[in-house]
Amino acid sequence: MEEKPFPAWSWSVDQCLKEYQVKLEKGLSTYEVDKRRERYGLNELEKEKGKPLWRLVLEQFDDTLVKILLGAAFISFVLAYVNQDETGESGFEAYVEPLVILWILVLNAIVGVWQESNAEKALEALKEMQGESAKVLRDGYLVPDFPAKELVPGDIVELRVGDKVPADMRVATLKSSTLRVEQSSLTGESMPVTKSTDFLATDDCELQAKENMVFAGTTVVNGSCICIVVNTGMCTEIGKIQRQIHDASMEESDTPLKKKLDEFGNRLTFAIGVVCLVVWAINYKYFLSWEVVDDWPSDFRFSFEKCAYYFKIAVALAVAAIPEGLPSVITTCLALGTRKMAQKNAIVRKLQSVETLGCTTVICSDKTGTLTTNQMSVSEFFTLGRKTTACRVFGVEGTTYDPKDGGIMNWNCCKMDANLLLMAEICAICNDAGVFCDGRLFKATGLPTEAALKVLVEKMGVPDSKARCKIRDAQIVSSYLIDRNTVKLGCCDWWMKRSKRVATLEFDRVRKSMGVIVREPNGSNRLLVKGAFESLLERSTYVQLADGSTVPLDESCRQLLLLKQLEMSSKGLRCLGLAYKDDLGELSGYYAATHPAHKKLLDPSCYSSIESDLVFVGVVGLRDPPREEVHRAVNDCRRAGIKIMVITGDNKSTAEAVCREIQLFSNGENLRGSSFTGKEFMAFSSQQQIEILSQDGGKVFSRAEPRHKQEIVRMLKEMGEIVAMTGDGVNDAPALKLADIGIAMGITGTEVAKEASDMVLADDNFSTIVSAVAEGRSIYNNMKAFIRYMISSNVGEVISIFLTAVLGIPECLIPVQLLWVNLVTDGPPATALGFNPADVDIMQKPPRKNTDALINSWVFFRYMVIGSYVGIATVGIFIVWYTQASFLGINIVSDGHTLVELSQLRNWGECSTWTNFTVSPFKAGNRLITFSDPCEYFTVGKVKAMTLSLSVLVAIEMFNSLNALSEDNSLIKMPPWRNPWLLVAMSLSFALHSVILYVPFLADIFGIVPLSLYEWLLVILLSAPVILIDEVLKFVGRRRRRTKLKAA
């Protein structure tokens, strides 16, 4: 039974200790731990049971098209078994058709199982986020390196800098003046959060507001503390996320393409069933006859052999109608799409996501690390000038921790005045951070804010010309890196050597500042302070001017500084004040812990008095900046009809400022109906929520928890939107899993986010999504092209068999030949159509609707027209060979075969009753076709006519592939060389067809013979008109579209 959560954040520390029946100085007893472990279990995430292999295999066959193929294979197998004595075939030759179909299905199943078995790793990645060990108080003794999975609620745990939090815990006491925890991957907050022991006044508050709680998977970056474990295992926030990921995976729906293909498969099944039944039924007279006596049928005669024969024709029709190669061609096209996207830094983990991107209607984006760099940087800073009536502002370029990324605008480090030099000194020395290089990415060690200040110092430079040259040279050569990772910050090092740091006044929540005492080159001590602007300004009595002189901080100057700071804050900048103090009283001569005044530094309550009467130096504005390319990507999405919604865990003002900066909103736009916190949005009724999400324009949801993100994505999907969700944190994982396509960041993204996603951005570049959407749209268009090509070919095959059955002539195509055409000769051109170039205006069209049919009425009409010509030409050449001496000026009887009347060909089944019917042997390549019985002329003797039919079918389909280069544009506008791969594929298909014609044992398997040059000429003459027919249809289609546009 799941325990009701205890709101430890809203209770005092004493009340929490009483609730968990534990003493802070002793911890739990071994006996109590055993009781609680039995009640709460181990502190680990549940391992979801994976699907067994047999279930994965079965799921691969749960597809309409696959089921049709299975049915065709089964019937073909039965018929081959029943008829093998009659046909004289045995072994492999008799079962070629069902074995080939089964081979295709098994191959597809193997690929599907391999993909799926490698897909579900998100929950394992979550486990890696949990701390492996902890320092725990048990039975009055502090146990270091205690296994984290053994923790139970009520345990007393000590945390220090660098520790990974092993469970959700209530902060009981601070062992340092301040405690900060990095929890951006869990909550989306861009800055480390300062924690305290104070209780909150409400039970119902956001995750980010629980400042007296530390959560499993987060990391302590500053300070140390003692905590009480309140939640373990699946009851932690990470555990809740795991459950949400699992629930989201259960809600995964089919991709738009799969829905369309399943719909197409269902219609195809019905059509095949009807046509097969009709073909079989219209030939009933050949296997069922009766006498009519007194107006009533009697004396029924039934021929099982003939019934089976025409049933086999119906099966051949099914084989012809099923595009067996379509699943593999779609898979190949999607795989090619993944390669193209990988070249653009979009790594696709699930093939279907390639096409899903193309119909995306909404992108739900995280802010931190997705729209922004997740790297704090100084955007601008200001100080007073020569007078207290004016400020001077300096803009700073660059958005990363790379010291060489940008510089200070209009800056000359050789002319830095005393005020700017002191600002550089404070930023360099009142600082515990560093920068390291991980591959090509620069990252911060310590607090991101402090790392950004150090990068600013590197951009400011140093006043010493010799040192400046030495630093510049070091940055050029490999010594820029101290080792493989750590970045050498030469300017900061210069300041730290110049002014030795002798004491530190740690940051705390009361005074909101940090101070350091340094020994200046002249031997005197100076206090350097940085902190919250309002707090430092309040404690300052003087202000420094540009020349280094100080003047009293009067009210007018104070208002000037406040006004300038307000202007910076409105841009979404976090403002840090900088100050100093020379008159340190008894600390003026401080040098080490042995100094008499050292006891004052041990008492944090004295820090406020030490940091009073300060001299205000200036203000630094920092931000987590938007990526440079995001603004353009947002505009591209807007033109493409894609809505953008920003869903972030950060605070409302920061989120709105970033959205304005990337021009999701204009600067003067009222955000009353466009910006909400997660809690505010969830408080609305369902109808109000739908109205908000339905409105045009961007939306921003701040302070969003994982459940909020998941609920927004779910609602959008229920509204019929195709949702792409981007993110990089653990908090994004459930929504990434639930979205139609989850997109994770490859560099800054957590493993949890990556494993829950469908696609990973290798460069963390938001604009890569736009490129991927364009590629997805292009792939869909190309898919329509090869589906149109393959289906029109299949329609032609169906019509040819239908005509054969209606006319009563011998079958001109057998199932194994149809399989060869559908799988092999059609495959290369269909695959090559996946390389068709994208339309120029592909990102200026709105996304296609979910309701848009894959095959509309006009496309169906074109299928039927082209298919009819394919069928007529295929059957026509078969009839011509039997009945005509020449055709289109080409002599057909040069091989010596016997001509028959069309009526004889249509009634070939009655051949045994004909009198004086004789046939002559004829040549087929080097082979002489002879007959022991004249009636064999319509079975054994049809090999040449059947070869011509098959060759016409192949040739027409090759020419038809040229028609598929563009849905509406003529070959004059879209010439074949625009896609050279198609020309290569056509050559390959012709080569493969030639192989089965001219390799004897393959010719025997497929029941065909070699053709002469004149016969090939006849094939080409009958096949080429398909291009002219489709050109006429394209012309009509263009006229129809223009008429519709004019009417609109």
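Including glycine, each Cβ sits where the backbone N, Cα and C put it.
The topological domain 'Cytoplasmic' feature in Swiss-Prot is assigned to 1-63 (among others). Looking just at the topological domain 'Cytoplasmic' (1-63), the mean pLDDT is 82.
If you look up Swiss-Prot, you'll see 64-84 (among others) marked as transmembrane segment, on the strength of sequence analysis.
The topological domain 'Lumenal' annotation in Swiss-Prot covers 85-93 (among others), and the record cites sequence analysis as its basis.
Per Swiss-Prot, transmembrane segment is recorded for 94-114 (among others), and the stated evidence type is sequence analysis.
The feature topological domain 'Cytoplasmic' is assigned by Swiss-Prot to 115-213 (among others), with sequence analysis given as support.
According to Swiss-Prot, the feature transmembrane segment maps to 214-234 (among others), an assignment based on sequence analysis. Within the chain carrying the transmembrane segment (214-234), a Cβ under 8 angstroms from the stretch's Cβ atoms is held by residues 5-6, 8, 13, 16-17, 20, 22, 24, 40-46, 126, 129-131, 151-183, 185-186, 192, 195, 207, 240, 242-243, 446-447, 506-507, 730, all 6 or more beyond its ends.
Sequence annotations record features per position, and here Swiss-Prot assigns topological domain 'Lumenal' to 235-267 (among others).
Swiss-Prot lists 268-288 (among others) with the feature transmembrane segment, giving sequence analysis as the kind of evidence.
What Swiss-Prot records for 289-312 (among others) is topological domain 'Cytoplasmic', and it gives sequence analysis as the kind of evidence.
Residues annotated as transmembrane segment in Swiss-Prot: 313-333 (among others).
As annotated by Swiss-Prot, Ca(2+) 2 binding site applies to V319, A320, I322, E324, N822, D826, with the evidence given as similarity to another entry. In the three-state DSSP scheme, N822 (Ca(2+) 2 binding site) is classed as helix.
Marked as topological domain 'Lumenal' by Swiss-Prot: 334-800 (among others).
The secondary structure of D366 (active site, 4-aspartylphosphate intermediate), as reduced to three states from DSSP, is coil rather than helix or strand. Within 10 Å of the Cβ of D366 (active site, 4-aspartylphosphate intermediate) there are 31 other Cβ atoms, across all protein chains. Feature annotation from Swiss-Prot assigns active site, 4-aspartylphosphate intermediate to D366.
Residues or ranges marked as Mg(2+) binding site by Swiss-Prot on the basis of similarity to another entry: D728, D732. DSSP assigns D732 (Mg(2+) binding site) to a helix in the three-state reduction.
Per Swiss-Prot, Ca(2+) 1 binding site is recorded for N794, E797, T825, D826, E957. Other C-beta atoms found within 10 angstroms of the C-beta of E797 (Ca(2+) 1 binding site) number 27, with every protein chain shown included.
Marked as transmembrane segment by Swiss-Prot on the basis of sequence analysis: 801-821 (among others).
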Nearest by Cα to N794 (Ca(2+) 1 binding site), of the recorded positions D366, D728, D732, N822, D826, is N822
In sequence order, which residues at least six apart in the same chain have a CB under 8 Å from the CB of T825 (Ca(2+) 1 binding site)? V954, E957, M958, S989, L992, H993
For D732 (Mg(2+) binding site) and D366 (active site, 4-aspartylphosphate intermediate), the CA-to-CA distance in whole Å is 8
At a 10 Å cut-off from the C-beta of N822 (Ca(2+) 2 binding site), count the other C-beta atoms across all protein chains. 25
Pairwise Cα distance for N822 (Ca(2+) 2 binding site)/E797 (Ca(2+) 1 binding site) [Å, integer]: 10
For the topological domain 'Lumenal' (1003-1007), what does DSSP give as the number of helix, strand and coil residues? 4 helix, 0 strand, 1 coil
Take the topological domain 'Cytoplasmic' (289-312) and count its residues per DSSP category (helix H/G/I, strand E/B, coil), listing them in that order. 9 helix, 12 strand, 3 coil
Among D366, E797, D826, these being the recorded positions, pick the one whose CA is nearest to that of D728 (Mg(2+) binding site). D366
At the level of the C-alpha atoms, what whole-angstrom distance separates D826 (Ca(2+) 2 binding site) and E797 (Ca(2+) 1 binding site)? 12
If you count the other Cβ atoms within 10 Å of each Cβ, which of the binding-site residues D728, D732, D826, E957 comes out on top? D732
Where D366 (active site, 4-aspartylphosphate intermediate) and E797 (Ca(2+) 1 binding site) are concerned, what is their Cα separation in Å, rounded? 51
